[in-house]
């Protein structure tokens, strides 16, 4: 009987193993070699069999094959490769650094060659000296100091700057620049820019007309521009009828201060003017405190009552000398242009008085202002060239 029970029990144990049931657990369970986790939570590294029933409803989606994502379960898209960064914008070409003695190693006689050409012309006609100073000013104020004012009309461009209303027919000195360029091309072909020749010529004319009082070094290293448009002269060059505010705005647009505007206006102490440039101030208006001096007005009106568009000197006291006489003329209302009379404004009159009274003050300021003006919007090798002839692009 006992043996029969033993056989029955063995048979039942065998059937239980086949059915997937483990052996009956004992209580208390035998001690485990793995310490229990803190907090009473099951050890995640030790799976239990069978797994505990889940509270979630059974899924109708069959389990995926090993190694493949479940197609029924949405998953995050794979990360896309990072988009390439947009290319950095190409920086504009850096303007050249102008320096004194730029041609010392490439054409060491460059400045002397220009000086010789200027001396020859100005000794023959001092009025050409005033024209060269004005040429430098008119070049720099339109597209920067790039010799664009020298370009002649062509089939491709029938209206360059030199034919603009402020320049034609009053601008002078082109032949001096041509002579200097021709001599430089023989000595150092393709080295010296026309823009630098204009700057040197403006400096050298100042030295001669001031009897050496306005003598200074002119930095160089400019390139010649390729664009010249007559209409651009109208809104870049201050007109003779300009108010003080317009003068301030136009000089400020070129990086020049009000004080530098007053200083550079002193160049009106030399040269001539066409009567059409100041006809709005004739005859003198006695009731207007800024009106032209009555005696001067009568004198110039007689000279202007000729056919065509006559010219008169701008400084009736010392027309051939670059000096501070201009500021004394402003104080006495003996100036031609409305833009000259505008300096009688309370904002600028003190500078006018100081320039008129202190010997050497204006000359020193004029030298510095000429150098600063010469740095306006200079071209680089990427935006300009060294012309072979100053009247035409290469």
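Cβ from N, Cα, C; glycine included.
Keep in mind that this is a model prediction, so the values were computed, not measured.
Under the heading active site, proton acceptor, TrEMBL lists 138. Feature annotation from TrEMBL assigns Ca(2+) 1 binding site to 139, 142, 144, 146, 148, 161. Marked as heme b binding site by TrEMBL: 268. The Ca(2+) 2 binding site annotation in TrEMBL covers 269, 315, 323. The compositional bias 'Pro residues' annotation in TrEMBL covers 26-95. Feature annotation from TrEMBL assigns disulfide bond to 107-188, 140-145, 194-390, 275-304. Sequence annotations record features per position, and here TrEMBL assigns signal peptide to 1-20. Annotation comment: TrEMBL describes 134 as site 'Transition state stabilizer'.
Known features from TrEMBL, placed on the structure.
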| residue | record | Cβ within 10 Å |
| --- | --- | --- |
| 134 | site 'Transition state stabilizer' | 21 |
| 138 | active site, proton acceptor | 22 |
| 140 | disulfide bond | 29 |
| 142 | Ca(2+) 1 binding site | 27 |
| 145 | disulfide bond | 30 |
| 146 | Ca(2+) 1 binding site | 29 |
| 188 | disulfide bond | 16 |
| 269 | Ca(2+) 2 binding site | 26 |
| 323 | Ca(2+) 2 binding site | 21 |
| 390 | disulfide bond | 23 |
Site of maximum Cβ density within 10 Å, from disulfide-bonded residues 107, 194, 275, 304: 194
Check: same-chain CB within 8 A of Ca(2+) 2 site center, minus 269, 315, 323: 266, 268, 270, 314, 317, 318, 319, 321, 322, 324, 325, 326, 329
Residues near residue 268 (heme b binding site) in space but at least six apart in sequence (CB under 8 A): 314, 315, 326, 335, 336, 337, 340
Cβ neighbours within the same chain of residue 144 (Ca(2+) 1 binding site) - under 8 Å, at least six residues apart: 225, 376, 377, 378, 379
Rounded to the nearest Å - Cα separation of residue 188 (disulfide bond) and residue 269 (Ca(2+) 2 binding site): 36
Fewest other C-beta atoms within 10 angstroms, as judged across 139, 161, 315, which are the binding-site residues: 315
Rounded inter-Cα distance in Å - residue 142 (Ca(2+) 1 binding site), residue 390 (disulfide bond): 17
Cβ neighbours within the same chain of residue 148 (Ca(2+) 1 binding site) - under 8 Å, at least six residues apart: 139, 142, 160, 161, 224, 225, 227, 228
Nearest of the recorded positions (140, 145, 146, 275, 304) to residue 390 (disulfide bond), judged by Cα-Cα distance: 146
Among 134, 145, 146, 194, 275, which are recorded as recorded positions, the nearest neighbour of residue 323 (Ca(2+) 2 binding site) by Cα: 134
139, 142, 144, 146, 148, 161 excluded, remaining Cβ within 8 Å of their centroid (Ca(2+) 1): 138, 140, 141, 143, 145, 147, 149, 225, 228
Rounded Cα separation (Å) that holds between residue 194 (disulfide bond) and residue 138 (active site, proton acceptor): 14
